[in-house]
Amino acid sequence: MTLLEGSVGVEDLVLLEPLEQESLIRNLQLRYEKKEIYTYIGNVLVSVNPYQQLPIYDLEFVAKYRDYTFYELKPHIYALANMAYQSLRDRDRDQCILITGESGAGKTEASKLVMSYVAAVCGKGEQVNSVKEQLLQSNPVLEAFGNAKTIRNNNSSRFGKYMDIEFDFKGFPLGGVITNYLLEKSRVVKQLEGERNFHIFYQLLAGADAQLLKALKLERDTGGYAYLNPDTSRVDGMDDDANFKVLQSAMTVIGFSDEEIRQVLEVAALVLKLGNVELINEFQANGVPASGIRDGRGVQEIGELVGLNSVELERALCSRTMETAKEKVVTTLNVIQAQYARDALAKNIYSRLFNWLVNRINESIKVGTGEKRKVMGVLDIYGFEILEDNSFEQFVINYCNEKLQQVFIEMTLKEEQEEYKREGIPWVKVEYFDNGIICNLIEHNQRGILAMLDEECLRPGVVSDSTFLAKLNQLFSKHSHYESKVTQNAQRQYDHSMGLSCFRICHYAGKVTYNVNSFIDKNNDLLFRDLSQAMWKARHPLLRSLFPEGDPKQASLKRPPTAGAQFKSSVTTLMKNLYSKNPNYIRCIKPNEHQQRGHFSFELVSVQAQYLGLLENVRVRRAGYAYRQAYGSFLERYRLLSRSTWPRWNGGDQEGVEKVLGELSMSSEELAFGKTKIFIRSPKTLFYLEEQRRLRLQQLATLIQKTYRGWRCRTHYQLMRKSQIVISSWFRGNMQKKHYRKMKASALLIQAFVRGWKARKNYRKYFRSGAALILSNFIYKSMVQKFLLGLKNDLPSPSILDKKWPSAPYKYFNTANHELQRLFHQWKCKKFRDQLSPKQVEVLREKLCASELFKGKKASYPQSVPIPFHGDYIGLQRNPKLQKLKGGEEGPILMAETVVKVNRGNAKTSSRILLLTKGHVIITDMKNPQAKTVIPLNSLAGVSVTSFKDGLFSLHLSEISSVGSKGEFLLVSEHVIELLTKICRATLDATQMQLPVTVTEEFSVKFKEGSLTVKVIQGPGGGGTGKLSFKKKGSRCLEVTVQ
């Protein structure tokens, strides 16, 4: 049973029954499998990463959720964003949206969805749209430079981001401020197996054109850079080439100039090239170990790229200057130290470039002073991380998550308590785990782990990670949330998973083991002064600005604050900022470790739900009353349960709610009436209300159906009755009208006859007998004479092509007019024929024969109509040698041309000469005129030809023919229309019989060995050229393709 009809599982976990960890996870799983990834815990949104694009984020959904309140539609991130925005705009309360969860749980995507929704609903206008576009386009820039592929997430944020979006009093965006936290700069020089460096390096190499790569002195192959993992250069579902173009467009929209974009890419290229600087062992003259650069070309290219003296850079990488108030001492660095210096420089350049980018974006989107602003903060910060090898970065990341969990617990309880106080409802204390003891363990000013780390970094003498661990073991040996090998041994606990250089903290999310190796180094975060000064001397404006401490005039011997101290200060500031705003929570959950769509790991989600405190959050929400709703909304939903409030209620909302609940006889212990809301203690009571509402809806539906059916039947009856009356009246009227018209026509006819009879009777005495016939004949002859004289004057031209003919003036002349037209056309044709010479007559007869044979049957016929039939296409009359081919044959040569003979055995072709006389068809070889075949026309049984534009045809012989011992002939002619026309006419003249011509795409040719089936098909070109290609298909089939 659910709160809303048709929902999947329970949409609000506050209403879950029974309330247990397993049922909570099962409900999330059920909804996830139905692609319902959002679930509420009161006003907290739980989001399970679907690892796929869902069709629930288009403009239709934006419009839907902006018009409804939080609980009126299905759970959605737009509902939470809309609630936060409306609270900011209408109630003037600053908001913050806290997005938390593991790496890969979808926090970055959630923050982008929140920003896109707010941008879509917060007003329009040229200036407003410009501000919204700049805020949205900051995401691609920060993702390119701050996100990377990790083992668990292909687009993991490796920095923390908090954005304050500022609005005016109308809710229109004015600008914003971005704050970043602890970029994971160690990733610049080293990544775990299966991980990538920051996206920008791969986008630059994949998306930059050849000219830009040449200017940056880079090559496209990622395998040529020491700082990039070659095995993971590509990521499924990520197009680095396209993303680079998106990055360039985003930087332009934000306000970066072309020169600034070029300088940013040059600094990124400098980091890549620094990784390829290879250092080797060298020794000074006194035998002291030193270092040098194997190939100076790389350093030289770096110098050319950023305007840096390569000699000074090499000196800064391979030596160090120790400076006190009185003297300077230069010491050489061995290879390990030089490599450390090179990597430290690369990390610092990239980290400072990232900070510069954030500041540059802030300059573009910042709001002018003097305006009153409302603020909505969106926090997208690294999720809780538990890796196989956890170092300093994981320690501070998890510390930040501890602080956020503390904020969540305190502000959730605070909000719940304040709502009860506002409504006058007694508050019931809820037991929950307070992680303040863990936060205090890490951040205490005198005895916290961070304080001990700073103290160890500043302590004179030999300082190492092991001395730091020893101090922690001494201070926290009895702390309930701290463990190490030493403390376990003291308590006689034996854990083989705990290393000697490790300590463990029992976080709210679970136990995490940290390896102290490099803690001191990463906390110091020192960069040798020689390297800062070398970078400051570069002629590159951006690179120079990143190292202000390199300026000798601003040189200071004061030690900079440690990384841990800076991060602790930033987190403290962030917490103060969050406490000053109204919180909105999005708890992101990763459903599986392999980023697979549709796969839900019950165990993994259980662990996340446990450390996110989802069950405790539900219990807090249900501490006093599981469900609460404004009187107006509650009455609107349930007023149908009382006859007093249904269908109309004119009283107050609270009074109406009391009427409804009073008639249901519900226990007073289950209800509490606040000032503006009704509170219900247990979900069972709410489910009872929903069940009663469902039953009542069925009753009302039945009533509505009954009423509707009755109304429809009455309406139909009334309409039919009205229609019958209208039809009857029209029918009767029409019948009367027809009867009246018939009676009137009859009366007029009788009157006409009577008047005629009377007129004839009265005037008969004045006329002679037969006068009418004489007059009518005279009139008719006059009309005929007029028609013929008019026709004589309007006769068309004597051209047989002119089809015009004047129409008859009267209908009874139509027959005569058509006959005259026919006679005139015959006369014109005779006159035309009398003018023709015998040769022209013969030509036209051949064309007429061709038309009868091929018109509408062969595609090449229309092209042959305007072309005269020449007959001789080989120059027979001018070549005596060719005339000998005729032999003893008498009479003229009707047709002479070169044809192609198709070999029946291998489908190969060869040229032949074909002669047509009045009695024979002669086929002979051009090279051997003696080898000829003479076919009498009376031996021909028929001709087969295709309907395409080709010249292929077959001469079929009669069965009694003695000619062609090898069989019938398959030939190709360029003048097939003319040739076959002449053969048919010659055969008719010689045998007085018509030669059959078959137009078909498949015919049989008989040979000595048997028959061969010829199949003609049209090629992909549509047969426009008429070219043929032959292909043998077995021994009995030949396939011909017309190109």
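Keep in mind that glycine also has a Cβ here, set from the backbone N, Cα and C atoms.
Annotated by Swiss-Prot as region 'Actin-binding', the relevant range among 134-156, 571-593, 801-823, 824-846 is 571-593.
Residue counts of the domain 'IQ 2' (720-742) by helix, strand and coil are 23 helix, 0 strand, 0 coil (DSSP-based).
Long-range Cβ contacts of Glu102 (ATP binding site) within its own chain (separation 6+, distance under 8 Å): Arg152, Gly383, Phe384, Glu385, Cys588, Ile589, Lys590, Gln608.
DSSP assigns Thr108 (ATP binding site) to a helical segment in the three-state reduction. For the domain 'IQ 2' (720-742), same-chain residues at least 6 beyond its ends with a Cβ under 8 Å from one of its own Cβ atoms do not exist. Annotation note: Ser103 (ATP binding site) sits in a coil segment as assigned by DSSP. Packing around Gly101 (ATP binding site) is summarised by its Cβ count: 23 other Cβ atoms lie within 10 angstroms of its Cβ, all protein chains included. Secondary structure of the region 'Actin-binding' (571-593), assigned with DSSP and counted as helix (H, G, I), strand (E, B) and coil, comes to 9 helix, 8 strand, 6 coil. Report note: the ATP site is defined by Gly101, Glu102, Ser103, Gly104, Ala105, Gly106, Lys107, Thr108, and the residues of the same chain whose CB lies within 8 Å of the CB centroid of those residues, excluding them, are Asn49, Asn153, Ser156, Gly383, Cys588, Lys590.
Remark: Ser103 (ATP binding site) has Thr150, Arg152, Asn153, Ser156, Tyr382, Gly383, Phe384, Glu385, Lys590 as non-local neighbours, by Cβ distance under 8 Å and separation of at least 6 in sequence.
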